[in-house]
Amino acid sequence: MQVMAFSSPTGLLSLVVFMVLVVEPHPAYGSSRGGWFGRNQGAATPLVNGICAASVTIHGYKCEEHQVKTQDGYILNVQRIPEGRIGGNSSGNKKQPVLIQHGVLVDGMTWLLNSPQQNLPMILADNGFDVWLANTRGTRFCRHHVSLHPSQPEFWDWSWDELVSYDLPAVFDFVLNHTAQKIHYIGHSLGTLIGLASFSEGHQEDQLKSAAFLSPIAYLTHMKTALGVVAARAFVGEITTLFGVAEFNPKGQQASIFLKALCNYPGVDCYDLVTAITGKNCCLNASTVDLFLQNEPQSTATKNMVHLAQTVRDGVIAKYNYGRPDYNLLHYGEARPPIYNISNIPKDLPLFISYGGQDALSDVEDVGQLLDNLKYHDVNKLSIQYIKDYAHADFIMGVNAKDIVYNQVVCFFKNQQ
């Protein structure tokens, strides 16, 4: 395959920023410089029998693998941990379901990298909740469609708009049909963005009991990273032009070439790229990061990455911009993409928002703008936690996240029952 030359340093930087924009950490905690491309490309730990067998049942928990079909034909993989290994199982009451949504370029495995005593799904299960892990289209176990194959460009013709309109509603419907109860929602990173957008459109209003947003990604204007600032000013179409493919595979040959080129760029230190992108994470375990690198990152749609780029560049939470007024008119009936109005989230919906002072992606100022959108929310229904030392990845892999964040989430959910 022909390797394209970089026409400008801005194009190179903008490309790589979005390859690592919301993915959890990939610094070289070991000896190889530059994170994942020094490893076996595409050779993630094989999970022949799925996430349950690889990361849940081995710890003594029950776990079920389910498939969910979206209205546009994608087959999603969902894991269910119906009960805890210890405690929380003696009550005769039906367990409250909790749906957990991961970020971009990863899947539900990311929540399970720490020990059962430290990871959020198992902590929730041990506290008496019925836990469901969602996985978005295009990830390792969600590469199926009723009529399309991942080798076809049409399979990858989607952005996070479709996660809002199709994936999340399908999974909510599935969980509700199995539990007959309203659902608690947890999102991290992109999982917060699609939750906020979906709830603002009223998609799950009758199915949702409460929502917890960890390291919320909504507005991205104030990212505290030089790479992010460059990306915000870049022409997002360069990403599509450089790759010329519909699937965005961070472990693919083209991505590796571009990342290696970046690491040779003056002033870029790939040894500590995680800090440069996500902020200074305080509390990561090196062995957990190494396990992360064995399984992640994973593919998404190039169109999805372009949509994230538009969110950074335009400073608004809007539907995908097709780049021409006539194309937007064709899709939306107006020349500009419609805005997701976060203030439309029902004001009596219990919300828990936790963010960190060191997070370079979910920046304090951007979270402040999100909170401003919620200024008319019922004050008794909005819980806000600020953690001075936390950055983006601490919320899902921090060794002390149980004590600082997860116990607060458990208490928040239990207070809604």
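Just so it is clear, glycine is given a Cβ too, placed from its N, Cα and C backbone atoms.
For 1-30, the entry in TrEMBL reads signal peptide.
Taken from TrEMBL, the feature domain 'Partial AB-hydrolase lipase' applies to 56-114. Across the domain 'Partial AB-hydrolase lipase' (56-114), the DSSP tally of helix, strand and coil residues reads 9 helix, 19 strand, 31 coil.
Taken from TrEMBL, the feature active site, nucleophile covers Ser189. The Cβ neighbour count for Ser189 (active site, nucleophile), using a 10 Å radius over every protein chain in view, is 31.
Residues or ranges marked as active site, charge relay system in TrEMBL: Asp359 (among others). Counting every protein chain shown, the number of other Cβ atoms lying within 10 Å of the Cβ of Asp359 (active site, charge relay system) is 28.
If you look up TrEMBL, you'll see His392 (among others) marked as active site, charge relay system.
Mean model confidence for the domain 'Partial AB-hydrolase lipase' (56-114) is a pLDDT of 88.
Its Cβ taken as reference, His392 (active site, charge relay system) is surrounded by 28 other Cβ atoms within 10 Å in the chains shown. For the pair Asp359 (active site, charge relay system) and Ser189 (active site, nucleophile), the C-alpha distance works out to 11 angstrom.
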